Structures are given as C-alpha cells and as structure tokens.
Amino acid sequence: MADHTTRSQGKHRYKTIKSKRQPLCARTSYSCHKLCLFLYTLCYLVIGLALLGIGIYVEVERREYTGLEKSLSLPVAILIFIGLFISINGLCGLVGTVEENISLLKLFLVLSVATFLAQIATAILIYVNGIEISDLISSKLALVLNDFNRNPDLRSTMDSVQNKYSCCGISSWHDYVEYADACRERCPYGNTCNNQCIFPKSCCSMPNVPQSAINCTSNKVSEVPPSMTIKNGCFYAFVDWLSDRMDLIGATTLGLALPQVAGIIWAYLVLRKIREYQCWYTVELASDYENKL
C-alpha cells in the first residue's frame, strides 16, 4: 500500500513537472525568429528554383543561336549551378527550420555565410577588374565578328544586337571593312561565299529605306558611305549601357546582401535556442527520472 502511494506520488510529481514545460512555439522570441527564418528560407528556395528554371530555359533556347553556343555555354552552366545551389541550401534551411534539425540548420548557416562572402568577393573583383572584364568582352566580340560572314546564325544574332543597341561593329563600322576584306581573301573571286562578305544591313543608319539599304550593304565594303552608317560601336554601347546601370547593380547587390545577413542572424538565433532547449530538456528529464526513483 505504501509502495503504491509512493509510486502514485512519483507519477503525480512527474505529471506536475511535465506540465510546467512550455512547447518551443509558445516562446515569443523563439517563435518570431523561427517564423522569420521559415519565410526567409521559403523565399530563398523560390528564388533558387526560379534561377534554375531560367537557366534550363536558356540552355534549351540557346540552341537557336548556334553561332554563340560556345560563348553562352559557360554563363548558362554557372546560372544553372547557382540556381541548384540556392535551391538545395534553401531546402535544407526550410526543412531544418520546420523539423528543428540542428544538422540541417548548421549546413544552411555555413552555406549562407559562404554564399555571402563569395558575393562580396565577386562584387569587389568586378569593380577592381573592370578593365579586364571590358577586354574580355572586346575579345569575345572580336571572335564573333571574325565569323560573322561565315555563320548565318551568328550573323542573325549580331544583327539583332546591333538593331537593339543601335551600334555597329566593335569600336566602329570600320571593323566590318577589315573583316570583310579578310573574308574576301579567303574566297576566290566570283565564288558564292564572296557574296557573303558584305556590310550588314543592321549597320545602316536608314535600314528601312530601300535605296539607302542597297547602297549601304553594297559588296564594295571599302566604299560604304560613312553618312549612311551607324558610328557608335557595340562595345562602347554596351559599356555605356553597363555604366548607366552600375547604380542599379550596386543597389541590387546591397539589396540581396542585407536579407542574407538577416537570414544568417535568424539561423544562428534559432539554432542556438534549439540547442539550449534541448540541453534544458535533457537536464530536466534526468532530474525527473531521479525523482521517480
């Protein structure tokens, strides 16, 4: 009878101690941090999936631009990799937040810090090595221009770029004169390929005027009337376009960096609270077990 009474008191004491425990979601600060981290990781996952989808779409569509296929392959691959990386990291953070999984939250925290540092380093390299990037763009355009007359797909792509930015050649329309002369040297006189060594219609200042278009795209490239050509080169047009948007690029970089800092802080706070509560529960359960004995 006494043993039964003692056992009943132990059970009652166990229930009393257990009833004092508050679920983690009931703790206000923890709940706020967890909710913010959940929303952040959800947005992170959506952005990653969007980038991944865009990368896959561009990979499929770039086959239409066979002339630029090699030049586009690396940027597209990088975009797909970034989208996949962000998606996996966001999924780890989302599942880790919902399940309160320390391992997944640690992985998310480490990858988020690495991503933030890589983003800052990339931005610094872009600003410091701006001249080298310009040289790289110029060399890529030179390769495109060299194959302009031999690749119909590349010619169509270059015409689209020149129409969009109202530019001609790399530095000026004279680039086509040089490359057209080199093209003619590779083609015997009267050969069909010789007819392709012409001045592009997209470089004409009045491309919609029939007579002007005929004169501007004459096979005698060296005799192209300067008054009928677009003077601005595509390289300078692109540099001007990029310069006009540097403020936007900087604001976008800062706008992406600030939420990352907030996400890192939320992940750290949630991770620390989970570990504290787990230790607290472990100590209390051990004490509860001793009281039961």
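We count from 1, first residue shown onward.
Placed from the backbone N, Cα and C atoms, the Cβ positions cover glycine too.
Per TrEMBL, the feature disulfide bond maps to CYS168-CYS187. In the three-state DSSP assignment, the secondary structure recorded for CYS168 (disulfide bond) is coil. Just so you know, the Cβ of CYS168 (disulfide bond) picks up 26 other Cβ atoms within 10 Å once every protein chain is counted.
If you look up TrEMBL, you'll see 37-60 (among others) marked as transmembrane segment.
Here TrEMBL flags 72-95 (among others) as transmembrane segment.
Annotation source TrEMBL lists transmembrane segment at 107-128 (among others).
The transmembrane segment annotation in TrEMBL covers 248-271 (among others).
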